[in-house]
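S.K.: Questions regarding the structure given below will be posed in turn.
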Amino acid sequence: LHIYLGLETLLALVAALARALLGMELEPQFNEPYLSTSLQDFWGRRWNIMVTRILRPTVYEPVLHTSSRVMGRKWAPLPAIFSTFMVSAIMHELIFYYLGRTWPTWEITGFFLLQGVSLMVEVASKKAFFVRWQLPWIVTAPLTIGFVMVTAFWLFFPPFLRCKSMERGFAEYAAMGSFVKDVGTALTSKYLNNVRTV
């Protein structure tokens with residue numbers, strides 16, 4: 001929730017600044033991930049859309065193209081999915097190393113590989129056992145979000161908590177707030193000095 005709301009708030013502020021200063025409209029980072037009905041829906045269409053749009057043409061599509069020559073178009077998405085999650089795992093390990101300055105325990109990699117393998121199983125079962133009926137959203141949404149959250153609490157969050165990333169994050173928020181306050185004070189002082197001299 002902290003990651004989602006933090007990113008959503010930060011990106012909303014950046015989008016507002018881009019709109020106000022540059023007249024640009026930025027795309028949203030998330031698309032209501034809590035409404036996801038499958039892992040494919042969650043990772044491919046709703047969570048961290050910017051990263052998905054970066055990884056799709058740079059990792060997924062080249063591996064899909066190569067693997068379709070070897071194993072055919074039907075099963076080619078499976079190695080492409082695995083490769084994409086492997087690259088994402090390495091990226092997140094590097095981010096964690098930057099934040100924590102501790103040697104990786106590879107739990108974050110385990111999280112992303114588990115998600116990738118689970119997504120591969122989901123896609124393979126849809127291809128192998130194509131059925132006309134689907135479970136209702138009221139069942140699939142809690143299962144999807146529950147799976148992501150349970151595995152995140154098991155593998156993704158423990159390294160962040162061990163290196164006190166929450167405390168560091170709050171310290172950074174405090175420093176940023178202090179900076180904004182100092183800038184506001186400086187601008188106000190300068191304005192008042194200009195008014196007094198006029």
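Using N, Cα and C of the backbone, Cβ positions are placed for all residues, glycine too.
Checked TrEMBL, it gives:
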- 1-20: signal peptide (SIGNAL)
- 27-114: domain 'Wax synthase' (DOMAIN)
- 78-99: transmembrane segment (TRANSMEM)
- 135-157: transmembrane segment (TRANSMEM)
S.K.: Just to be sure I understand, if DSSP states are collapsed into helix, strand and coil, how many residues of the domain 'Wax synthase' (27-114) fall in each?
M.R.: 66 helix, 0 strand, 22 coil
S.K.: Need one number: mean pLDDT over the domain 'Wax synthase' (27-114).
M.R.: 91
